[in-house]
Protein chains: 2
Amino acid sequence: MDSFSRIDSLVKSWMHVARSEIMQNFEKEIKVWTKSGRNDLVTSIDRAVENYYVKQIQENFPSAKVIGEESYQKEIDYKTSGMVWIIDPIDGTMNFVKQQDHFASMIGIYQDGIGMRGYIYDVMQNDLFWGGPEIGVFCNEDRLQKPPDRNLRNGLVEISMPFLVHNYRSLQRVALESSGVRIYGSAGIQFIHVLQGKCAAYLSYLRPWDFAAGKILAQALNLQVNTIDGCTLDMLSSSDVLVATKNAQKDIQCLVAPAR
Amino acid sequence: MDSFSRIDSLVKSWMHVARSEIMQNFEKEIKVWTKSGRNDLVTSIDRAVENYYVKQIQENFPSAKVIGEESYQKEIDYKTSGMVWIIDPIDGTMNFVKQQDHFASMIGIYQDGIGMRGYIYDVMQNDLFWGGPEIGVFCNEDRLQKPPDRNLRNGLVEISMPFLVHNYRSLQRVALESSGVRIYGSAGIQFIHVLQGKCAAYLSYLRPWDFAAGKILAQALNLQVNTIDGCTLDMLSSSDVLVATKNAQKDIQCLVAPAR
């Protein structure tokens, strides 16, 4: 296995290159396509950044497997053995298109199914959150402290709009019991808020590339990252996800309705 | 009436002083009290900043009336004649307390009921949005362009959590018809997003100090600021408020249920 400090240097340099590309492209016309529905977008930049990351990984780690949001194919039976890189080139593409703000670029690295490194880059703030179980979590070069173990009543929660509007698992109860609800529209940005202690919990339906990096970083700070019912996430499956302090997780699990 | 360019210089200098005070106080213990309910907060900093603004205004404009969020008294019959300053020292106090981010300091100036100047300071980004009907709107020293006249389907909307959870006026329909919902937890920050074209609409129940500055800035950029039904806002009353592009306003008004 390659030394992870070499990997850290490489990934940071790739993400900085990707950022420059993204910033330059704001001045040009960005091509946008829809995927599964009218609000599920992909742009020429998402594809270009993913291709760039994949090329770098393949050149430097020829035996590694790569799963990318934009090149993911349902029919492939992806394996968790060996080194697996999971990529979301631009997380929060809707924000990227409409706001040119509040989006992230993310990479997670797993070794035989165990999360080793996560990288979440808040592109517009130029803040790169990175780390893993052995080294802790950093924002650029500053070490993050473990966030306070807030309970639900004393914490802000981030709940995805569909969960809130459709009252999935009675999550409106959770909303009303909390200090307030926030919705930022990017899993990466929302993971960052929980890492920093700005929010006590985050609830959404996420795909593997949405949580691959954030799960590694959050767990390295003693945060809980599971399904709403507390089951372990399968790194290759989509699922409802609850990222939370221990206290907020407990409070939320007491309030949600049973799964139907 | 004093020249507004002198007023602009004064207000900017006061807001920069307030920002320094706020930033210094992050390192100290901030006192927090509740007001109307457990999620309606005021801190020692809100009060200190409001007192500072009021003192500056009274020294420089002795005949002006001042309405401040923290010193507002229901029993006073406030008048709109003459020069009226409406102040929200820290808008998004919950964010201020929990996140130390995503809050604003706001001042609106009315002359005989007509909005002359608005100032919204995104404290953590150090971005001051200011302007009025005659001069347009600036972010620091850069002039803002009028945002694109997006329709609802192509725009993000900001809807307050209570409106969304309680499906006020069937606003869940509006949420589902839009490109997505965002909740940032500060009227000032949400006004800024509509000014910048990052969101096409913002819907919330607001008090006079929540919309005093934003209304002036938004109208100077051809945005619509009214009640949901399109009625003119009373500058001294609380109300549901819709801030939107012309197209998004039209779309939303077709979707909402009649007021009960």
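Each Cβ is built from the backbone N, Cα and C atoms, and glycine gets one as well.
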Subject >> Candidate sharing the Mg(2+) 1 site with A:ASP88, A:ASP91, A:ASP210 (per TrEMBL), from A:GLU59, A:GLU69, A:GLU177 >> reply: A:GLU69
Original post:
So which other residues, same chain and not among A:GLU69, A:ASP88, A:ASP91, A:ASP210, have a Cβ within 8 Å of the centroid of the Cβ atoms at the Mg(2+) 1 site?
Top reply: A:ILE87, A:PRO89, A:ILE90, A:MET106, A:ALA187, A:GLY188, A:ARG207, A:TRP209
Original post:
Helix, strand or coil: which one is A:ASP210 (Mg(2+) 1 binding site) in, per DSSP?
Top reply: helix
**OP:** State the Cα to Cα distance, in Å, between A:GLU69 (Mg(2+) 1 binding site) and A:ILE90 (Mg(2+) 2 binding site), rounded to an integer.
**Re:** 9
**OP:** Rank the binding-site residues A:ASP88, A:ASP210 by the number of other Cβ atoms within 10 Å of each Cβ, and give the residue at the low end.
**Re:** A:ASP210
